[in-house]
Amino acid sequence: MSHFPWLTIIVVLPISAGSSIGFLPYRGNKAVRWYTICICILELLLTTYAFCYHFQLDDPLIQLEEDYNWINLFDFNWRLGIDGLSMGPVLLTGFITTLATLAAWPVTRDSRLFHFLMLAMYSGQIGSFSSRDLLLFFMMWELELIPIYLLLSLWGGKKRLYSATKFILYTAGGSIFLLMGVSGMGLYSSNEPTLNFETLTNQSYPVALEIIFYIGFFIAYAAKSPIIPLHTWLPDTHGEAHYSTCMLLAGILLKMGAYGLVRINMELLPHAHSIFSPWLMIIGAIQIIYAASTSPGQRNLKKRIAYSSVSHMGFITIGIGSITDTGLNGSILQIISHGFIGAALFFLAGTTYDRIRLVYLDEMGGIAILMPKMFMMFSSFSMASLALPGMSGFVAESVVFLGIITSPKYFLMPKILITFVMAIGMILTPIYSLSMSRQIFYGYKLFNVSNSYFVDSGPRELFILICILLPVIGIGIYPDFVLSLSVDKVEAILSSYFHR
């Protein structure tokens with residue numbers, strides 16, 4: 001157990017600092033922007049320092065563990081800890097949130113509330129990934145929903161209230177099942193109710209009850225990830241949200257569902273996961289084909305990118321269902337990879353809209369001539385999204401492929417069928433990705449408009465995009481940079497999984 005409360009500071013700092021925004025002098029928005037960015041940078045530096053100097057990569061056990069009494073009546077403790085499974089998402093959260101704050105620089109209306117909500121969401125997301133208590137996990141899970149709802153409903157597009165309401169109905173509805181599962185697992189004990197992850201890991205349940213718990217948790221994570229058919233809120237939400245909010249949604253929020261699926265369903269409910277893993281593979285394969293087939297029919301640029309996110313989440317679902325070291329590591333790698341790529345694509349879509357004020361692809365064209373820097377960056381991240389070799393998407397999807405092929409749980413024909421479906425999805429991805437680039441950047445529609453003049457990407461925007469592009473290429477060239485964080489923890493999960 002850590003003697004210094006690193007994780008408590010990391011979790012509490014953003015929302016505490018955000019609460020102080022109201023005390024800043026009213027001298028325009030610049031002070032609020034710089035204050036928020038400095039807090040995000042400080043938080044990221046603290047996280048990096050704590051992990052570099054106080055975390056052992058070869059130790060699969062929980063590290064930097066903290067356990068403080070909170071509510072004795074319910075045996076509810078403030079329990080935090082980090083292992084190889086949660087370290088990557090925590091660092092991703094800090095990185096993407098810092099860049100999203102910088103991306104929100106043009107936001108001037110109610111700037112104080114906007115930046116407070118971003119910092120509050122930061123705390124909720126870090127808390128979710130580092131919680132070691134089921135009730136604390138649920139509280140952090142809910143904490144980040146409120147800021148996102150307000151960011152959508154106050155700073156969104158024309159249909160922002162509809163999309164925000166749809167978002168909260170899906171996610172809050174899923175949270176009801178999450179709360180029921182948390183309550184059921186906590187109360188199922190012969191002695192005292194417990195919500196401690198370590199205790200629950202060694203808890204056994206009747207198969208029927210474990211299946212009920214598994215389904216409840218799965219519905220909550222399926223609504224958040226999203227997994228079909230609970231995905232319909234995502235295109236509407238991305239279509240209306242400000243692009244800085246889209247960066248947080250695509251980069252972090254969607255990954256929380258996949259994280260919960262591994263952390264709780266796979267680690268705490270192994271027998272039920274073994275039963276449902278073939279269905280996860282089937283759902284993931286259908287999701288890849290469905291989203292990749294639906295995406296080309298979307299006229300709205302951000303909705304097309306949103307459907308590509310749904311398709312990529314299918315690879316994560318398949319990797320989790322493969323029940324192999326390789327497949328699960330591939331899913332974790334895809335979580336990190338798509339966090340970068342999705343955030344960058346939505347940032348590019350938003351900055352493009354700021355310039356041309358068009359959202360429909362069939363109205364665009366010829367932007368490459370007018371904005372070559374943006375064209376270069378959009379093309380680079382489109383290549384990363386369609387899994388170009390040398391970029392992170394290719395490595396992640398390839399590792400998931402290997403995980404399915406080497407899985408001892410499935411017969412040869414089901415593995416061939418799933419692999420074939422995934423291959424079709426990988427063929428469809430370049431179709432909608434490259435056609436999207438063609439519709440935006442090629443042709444002469446905007447170039448022939450009288451008095452057409454558009455400003456190319458500025459230094460701030462290029463800085464954000466380069467900061468995201470570097471890890472995408474870095475992971476593509478040296479994937480061990482991410483895999484080294486999780487490989488020992490994945491082995492520990494699966495070794496205990498098969499021997500229980």
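A Cβ is built for glycine as well, from the same backbone N, Cα and C atoms used for every other residue.
Feature transmembrane segment, per Swiss-Prot, maps to range 87-107 of the set 87-107, 360-380. The transmembrane segment (330-350) and the transmembrane segment (272-292) are not in contact, since fewer than 3 Cβ pairs between them lie under 8 Å (pairs 6 or more apart in sequence). Long-range contacts of the transmembrane segment (167-187) within its own chain (CB-CB distance under 8 A, at least 6 residues past either end) are made by residues 134-135, 137-138, 141-142, 145, 148-149, 152, 193-195, 200, 203, 209, 212-213, 215-217, 219-224, 226, 230, 232-233, 236-237, 264, 268. A contact between the transmembrane segment (242-262) and the transmembrane segment (208-228) is present, since 3 or more of their C-beta pairs, 6 or more residues apart, lie under 8 Å. Two recorded stretches are said to be in contact when at least 3 C-beta pairs lie under 8 angstroms, sequence spacing 6 or more; the transmembrane segment (462-482) and the transmembrane segment (208-228) fall short of this definition. Sequence-distant contacts of the transmembrane segment (208-228), counting only residues of its own chain at least 6 positions beyond either end whose CB sits under 8 Å from a CB of the stretch, comprise 170-171, 173-175, 177-178, 180-181, 184-185, 188, 234, 253-254, 256-258, 260-261, 264-265, 269, 271-273, 275-276, 283, 286-287, 290-291, 310, 313, 316-317. With respect to Cβ pairs under 8 Å, the transmembrane segment (4-24) is most closely packed against 113-130, considering the stretches 37-57, 87-107, 113-130, 272-292.
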